[in-house]
Amino acid sequence: MERSIVHPLILFVLIAHLSIRTVDAQSSIPARYDGFVYGRAKEDSIVIEAFFDPICPDSRDSWHPLKRVIEDHSPHVSLIVHPFALPYHDSSFVSCRALHIANKLNESATYPLLELFFKKQGKYYNKPTLQMSRASVVTSMAQLMEEVVGDSFSAIKAGFEDPHTDRAARTSFKYGCSRGVYGTPFFFVNGFALPDGGSPIDYNKWKSIIAPLIGHRNKEEVLHFFL
């Protein structure tokens, strides 16, 4: 997996949303665009944004078909994943915060951690954690993070005490709400929401969405060449 500088992608999305949204004077504008970029990005790539809850089974089931599409068409198709903690998954906010901590400590560990959460998410469902304190859930997730982040347990635990990671996880949730996200997974393509939010999309459906966009882009490039 390759990661790249996000500037072309972020510029595209910011322009798209500045044209249709205003910012409340009391809103706290983050210093950087929310989300984690996956793969390589061209300036004019097709941009998919996915809102995932690491403890959501439907988010888990959506990941591998989406990942396959991105890798098949990179760098012409690029991806930003936004963590979105569903309030009825008790441990979701902690897991979303964990992704921000991983991204801060070791950016290359962010997606391996997301995949590890998807693999191990059953241990963080509501029933298994019913008798666990919040501190115990944090300790368990910090131990899980050690497997992929590469930093010490103490450094990871310190991340859960850092107000910046708490704010980042809150910002991710607020950003999703501002986009009308009400469940996970939830997808946008070039700024437009796909129907059936909250439901997984399989590989063939993704191909049917992306292929016409790539075909149209290729026709435009051919016409531009001859003009």
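Every residue number used here counts from 1 along the chain in the order it is shown.
Positions of Cβ are set from backbone N, Cα and C atoms, glycine also.
Computed from a predicted structure; not experimentally measured.
Now, the feature entries from TrEMBL:
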{"type": "DOMAIN", "residues": "48-157", "note": "domain 'DSBA-like thioredoxin'"}
{"type": "SIGNAL", "residues": "1-25", "note": "signal peptide"}
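Here the domain 'DSBA-like thioredoxin' (48-157) returns a mean pLDDT of 97 for the predicted model. Across the range of the domain 'DSBA-like thioredoxin' (48-157), the DSSP-based residue counts are 70 helix, 12 strand, 28 coil.
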